[in-house]
Amino acid sequence: QTWPPVEDRPHCKRCVACTLMWPPEANRCVCGDLVPKCHKGCSQCEKADTRSGRPLYKCLSFEYYNCAAD
């Protein structure tokens, strides 16, 4: 599965991969972002240490997309 460039999806500025939804505003990062909870479809979610003390999570594997494969 290939993911188009992030430029045309404003919510995916710092992503490794992004969802393919319409409208573009509905898109979310799949890999590489820190989120309060992992996305639906994230099959491997890892807690990330943050300085703020609030727990954040990052997705390591999203459905069929392996974030570490890049």
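Including glycine, each Cβ sits where the backbone N, Cα and C put it.
Remember, it's a predicted structure, so these values are computed and weren't measured experimentally.
Swiss-Prot lists Cys12-Cys31 (among others) with the feature disulfide bond, giving similarity to another entry as the kind of evidence.
The disulfide bond annotation in Swiss-Prot covers Cys18-Cys29 (among others). For Cys18 (disulfide bond), the Cβ neighbour count at a 10 Å cut-off comes to 23, with all displayed protein chains included. Secondary structure at Cys18 (disulfide bond), taken from DSSP and collapsed to helix, strand or coil, is strand.
The disulfide bond feature in Swiss-Prot is assigned to Cys38-Cys45 (among others). Long-range neighbours of Cys45 (disulfide bond) (same chain, six or more residues apart, CB within less than 8 Å of its CB): Cys38, Tyr57, Lys58, Cys59, Leu60.
Swiss-Prot lists Cys42-Cys59 (among others) with the feature disulfide bond, giving similarity to another entry as the kind of evidence.
Here the CA atom of Cys42 (disulfide bond) lies 12 Å from the CA atom of Cys18 (disulfide bond). In this view, Cys42 (disulfide bond) is surrounded by 21 other Cβ atoms within 10 Å of its Cβ, with every protein chain counted.
Listed disulfide-bonded residues: Cys38, Cys59; maximum Cβ neighbour count within 10 Å falls on Cys59.
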